[in-house]
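Report on one structure; see the data block that follows.
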Amino acid sequence: MMEGLKKRTRKAFGIRKKEKDTDSTGSPDRDGIKKSNGAPNGFYAEIDWERYNSPELDEEGYSIRPEEPGSTKGKHFYSSSESEEEEESHKKFNIKIKPLQSKDILKNAATVDELKASIGNIALSPSPVRKSPRRSPGAIKWNLSSEEVARPRRSTPTPELISKKPPDDTTALAPLFGPPLESAFDEQKTEVLLDQPEIWGSGQPINPSMESPKLTRPFPTGTPPPLPPKNVPATPPRTGSPLTIGPGNDQSATEVKIEKLPSINDLDSIFGPVLSPKSVAVNAEEKWVHFSDTSPEHVTPELTPREKVVSPPATPDNPADSPAPGPLGPPGPTGPPGPPGPPRNVPSPLNLEEVQKKVAEQTFIKDDYLETISSPKDFGLGQRATPPPPPPPTYRTVVSSPGPGSGPGTGTTSGASSPARPATPLLPCSSTTPPPPPPRPPSRPKLPPGKPGVGDVSRPFSPPIHSSSPPPIAPLARAESTSSISSTNSLSAATTPTVENEQPSLVWFDRGKFYLTFEGSSRGPSPLTMGAQDTLPVAAAFTETVNAYFKGADPSKCIVKITGEMVLSFPAGITRHFANNPSPAALTFRVINFSRLEHVLPNPQLLCCDNTQNDANTKEFWVNMPNLMTHLKKVSEQKPQATYYNVDMLKYQVSAQGIQSTPLNLAVNWRCEPSSTDLRIDYKYNTDAMTTAVALNNVQFLVPIDGGVTKLQAVLPPAVRNAEQQRILWKIPDISQKSENGGVGSLLARFQLSEGPSKPSPLVVQFTSEGSTLSGCDIELVGAGYRFSLIKKRFAAGKYLADN
């Protein structure tokens, strides 16, 4: 391109005049270069319009030569070998520009800025160009072909030639974001009837009113249930609908098979004994709460003979507390952390039993329980008559601070202290940096009066304290005395009680924080310091048990039964609150994914429901508050040291889909020979069985081996063999999607026998899981007056067997 350039004489960049009528615009800021209108650089005086003529333009806006239209095609914009003087003598143009008409002048007033903008439309020379900051670069058309760049343009303003980028069409991006969020509960199924036969196995009822299996018993049996809260317009008027509840005769198809397995009777030391028909019938007597002398919480200090039989010897600190679900009643699995209580079959996640005198039973408090799941709405003002006192320290703070509550003098606003405590200085809630609590002396478990117990600004789970947002209350803080909670201005005086064991026994989760409570104190139940208009904390727990029987490797022969229960937990101080507020708001809740349940047995003395609801996916229940208050009062009298009261609300059976509903698929293969036995166990983690994929914890595989085992030739992975009990045990900490091969594995073993061949025995598997359920059910409150401080979900293996 540069080879054709001649030595510059009076033209800039060697541009020929026949290719460009006007002077070069490549370097407009250089001195000595003329403007296209003949004026020197920087001169913007009156323009001589007679020098211009309106040329004829083609369809692209280019000027057409008068003598040789289109003669520029095929030409080049660089100089040829001929001199410019010779070419100029051959090619001379006389150009006249017509003056603009008046109407055109009105439309396009030739201002200096518009002239500068119009110059930008002229095609640039390929020569290196330095742009001037006074020249607008935005009007240059960049998407021109090489031919278009070579063709010259006139400097006449032509606004229609300016390239304009069309705006982006935002509607075209809509498919990138996908369809709108669909409802999580689209699947509509037929509403499950409540009047189903009882699914917990047949047995002799202890209630005389339940002797007839077809007896129709309306509930509640006590005071007529109150109407739902008036401040819930969406809730229709309810009527106490009768519910047919009675023990049924339905039995599982594997009852005969499972109970005919004599080789499992010697597994008591690990998983507890197999429930015989007699024990199942005895356990079936454990029905709903009823206001008799025996508390449903089972506070007897000693185990009855029945409890001694059912209690698993290997897990005394993890009792179960739900009735046996028929012939597949689960032995007590390794339950969640909680103090021991009377054993049932499914451990309750919020066990309220008293703490025994073992330190090992209280080692469950770990950092993995410190999860903040509070909702921002919990920190709102709500319907508070008076701002509540500051919260107690959190889990990490309590361990090294004087106690799980604020000091005796800690308060929010001016008000009289509790009658049982002297008045002490108050700590304004607007203070952002209160003094930290003093360290806890090892020989002084109580906080001296007058010293604040809150103020650790680095607490990990405490919300910011502002004057416009009252701090949350301490629902389960131990008080220094058993003062009444009727005063709305009473100050929190929670301190650490004198206990024999320094290890905390219970953890209460409320408003995004964990509070430690203590058993064994002589100060009575923990008061619930709050006003009459404050919301009461309630905890809910779903506990489900999966019972499965696998036959060989055939999925069609898998039998599954899933049972569950929903428990509500109330703080002990709620009894005093009810005593001072005899007409509390009705507790109403809604169970979500109700259509996945086959049989539902509400507590007939405490729960009412509306069977006329249209939505089969949800079910609304409300509590008979007079019966609940009577029940909690009786429990508090029988268990004055209890911190929480668990009340069974629902028992249900989950709709199972065969092997697809089992969280862990199993297949066992035996090869028995006179001198040796080969055993292979295949397992597979099944995420489809859970609503949320969670790990299976503490997985144990137990197999009895007979035939006189003399040697273990190969065991993969390593296992523990008990020669006396003739069994082999594999322990896997957890199985999940993150495990090797996505939770798919095998267990292999070969045994040398002296009294062979061996007889194949059923495989027994145990596991627990936290954070999800197999039914996918959830719960939410309806109306005001209460709040959920914790919703816990878990499931465990009951009778989880696999045979050859």
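Residue 1 is the first one shown; counting continues down the chain.
Glycine residues also receive a Cβ, built from the backbone N, Cα and C atoms like all the rest.
In Swiss-Prot, the annotation region 'Interaction with DPF motifs-containing proteins' applies to 789-794, one of the ranges 111-116, 525-530, 573-578, 789-794. Check Swiss-Prot against the ranges 103-106, 267-270, 643-646 and you find region 'Interaction with DPF motifs-containing proteins' recorded for 643-646. In Swiss-Prot, the annotation region 'Interaction with DPF motifs-containing proteins' applies to 537-543, one of the ranges 537-543, 558-564. When the region 'Interaction with DPF motifs-containing proteins' (643-646) is classified with DSSP, helix, strand and coil residues number 0 helix, 3 strand, 1 coil. Residues of the region 'Interaction with DPF motifs-containing proteins' (537-543) grouped by DSSP class, helix first, strand second and coil last, total 0 helix, 7 strand, 0 coil.
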